[in-house]
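Comments concern the structure below.
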């Protein structure tokens, strides 16, 4: 058997040399390259893998040839030796021809197979190539390339096809086509379905959030509802605070989110969680519409949920419910009695008057919304609160929005995962299952999630762990990247990338007239690609609630003649919210227009880096005055700007010419060291002068 190189053997089989090399390495054969020659025993071993039929025939043929050789040797003596010498190359040639014949036979076998039938329907993903389409249709790719050519498209086998071209080609073959939807299992949002069309869906309790101005009676109203409707099962025990609770009214359950008002409401919405079905806007009848009332209205409008107005404190002598209704009409909340669609309920949270009417209106509104969920599915929902308990470890208060949650379920919560060890309801009772719209507290997760994070239950614990770990890693990577919050500095870049359609703006000013004038001016800005959208205006300092709303809406805050309070400044830094403070309306307009056009100039501030005292001066011809100096603070650097200060008055401001330490040039000289300094275009240096070095640093906005 003649020796062959690896690539020749692979070529005969019409396969890649890498496959042959891989098989040889499995046989513990050291392979250097595809040019390496194969030994006879190696070829035999490979034949058994790639050509088992040929290997058997080769063995039989070899045995037969051996017998013939022995017989010829006995019969013909010396002549046979001569004959064998003559026949030997012929045998090799014949063997080679036989091998080629067998290879040719093997090569022809696929052609002899019956052609596969063309499917009646195929599916595809974005970016499908000509070759992949040919494989799906069971046709030769050259036919598809020809059809594309007739359509005026020059393509090769690796050319990607768009949807329109794909439909034309497939329609020509008479085959139906359907696009595959690639599902990212790590995206928890895909597990949240609309249950209104599900045949197994049943009615679920409404989830209600109470908002309003401080001291208008939100907490009192919650307490009044709770004490009126919570069953005696709570008596004698301590209520478990899990951020929400359920009551029952005429056989209908209602879930109330017991959260700190606007902040939690918008924080959840900022993370994509649509938890609330109905908002209750509490307005004091003796106080009317206040700044936080307007904020609450804007929050509810942004969340696109129905609002019921609870006019509280009607038992006070100074109460005036009609005035409240009149004021709220200015914000689009028009009472039903006045031809609008907003429900107004007069009540007294302190005495309990009107509580029954409010609950009845909540039930009525929820019936109109047709809130449904399927309890047969795996549970999905949202985190209301979360904390790290020293004795129990990480715990989370969850609101089940669909399906049924069970003790022992494996789940992914935000960017963590776990298995439910224990579950407690709002009455502090241990339970094993929780249906839709039920608030519970669980333990058993690996880390503390954030309020507003979603949770999803998986049947397979390994799947939950895999998805949880992947989300955690992705979150770590995201935190390392720069904040994606919109600011005037990155506005143009986001516009170019198509990420920005509306620029959401919150305006706070010193007087109402200024706020209205600024809002009107901003609305007139017309730059192609993005619209200015005013989502909230108010008079007064910028507070933490403004920052929370800006973060939830991916907007910016403009302060006109006002400053942010301490909490707002800290929150803006933490959340990456852009705040712009101005005193001239024209400057606001110009800045936003420039940002939209990508021409916003960077802002710099001066940063003093060091000071040196002149101890002695030397005048040198062709050089000027050299100041023998001692660095008394910070450092002096070669590229810094400098100013000469004499008796507290700036004499000159310019740049360093040279900075030397002894006779050598220095990049910088630190505090406590002497140096020689010359200043460009300035020689009037005197002993006792202070040379101050400074740098201009770009302000991060």
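Glycine is treated like the rest: Cβ placed from N, Cα and C.
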250-253, 254-257, 258-261 - the one Swiss-Prot records as region 'G3': 258-261
Region 'G4' per Swiss-Prot - which of 304-307, 308-311, 312-315: 312-315
Sequence-distant neighbours of residue 314 (GTP binding site) in its chain (C-beta under 8 A, six or more apart): 285, 321, 346, 347, 348, 353, 354
Densest Cβ neighbourhood among 215, 218 (binding-site residues), 10 Å radius: 218
Neighbour count (Cβ, 10 Å) for residue 212 (GTP binding site): 26
The region 'G4' (312-315): DSSP-derived helix, strand, coil residue counts: 0 helix, 1 strand, 3 coil
